[in-house]
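To start, the structure itself, in structure tokens.
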């Protein structure tokens, strides 16, 4: 059986961002395509039950918010916990319009966070993506939330976990995990291209099954850091 993490070549974050740039400049709706793929994976992994979405700043959180809105419009019970003071405005607006409550993590103590996760069928990790420029380790409220949820998601019968693009706390290029506060994903839905960090180092074991959502990136001029088995 092939390694589920090696479904595609793994590229560096800088090459992926460079491939995204011309599409974004041309007005391509990359986030909408990514969010649809994320929502599809959520339905497949957990067809029923409440969904808890963890959202940080930036586009990774935007993908998660748009997916939350899509699931809520279909009738799923969805709640968002934001770990950053500011989150993706358009994504948040769509989530709120779909009836999704957004709660700031600093309003919830650790026991309450654990209780919310325990009552959920699925946790979506949209805290950090590939835009992290230094250490991928979670900090502040993001780290506290993940630390509070870890015993719940790793317990027998705990909720399933989907990572948005890459598990928060995993190095995109090398798979490094400098801090143990990382939610182990059952599925990682990655966008545009495989991330090398999903395919090597400690990150490989935390990624679970990797599903690639094609958003039309041209990486023909980039050299993969990790090559998939052919």
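For all residues, glycine too, the Cβ spot is worked out from N, Cα and C.
Summarising the annotation, Swiss-Prot assigns (6S)-NADPHX binding site to 59-63, 129-137, 165 and lists sequence analysis as the type of evidence. When secondary structure is read from DSSP and collapsed to three states, residue 61 ((6S)-NADPHX binding site) falls in the helix class. Neighbour density for residue 61 ((6S)-NADPHX binding site): within 10 A of its CB lie 27 other CB atoms from the protein chains shown.
Taken residue by residue with DSSP, residue 125 (K(+) binding site) is part of a strand. What Swiss-Prot records for 60, 125, 168 is K(+) binding site.
If you look up Swiss-Prot, you'll see 11-223 marked as domain 'YjeF N-terminal'.
Mean pLDDT for the domain 'YjeF N-terminal' (11-223) in this predicted model: 95. Excluding the listed site residues 60, 125, 168, the same chain places 54, 56, 61, 64, 126, 127, 128, 129, 163, 164, 165, 166, 167 with Cβ atoms within 8 Å of the centre of the K(+) site Cβ atoms. When other Cβ atoms within 10 Å of the Cβ of residue 168 (K(+) binding site) are tallied across all protein chains shown, the result is 29.
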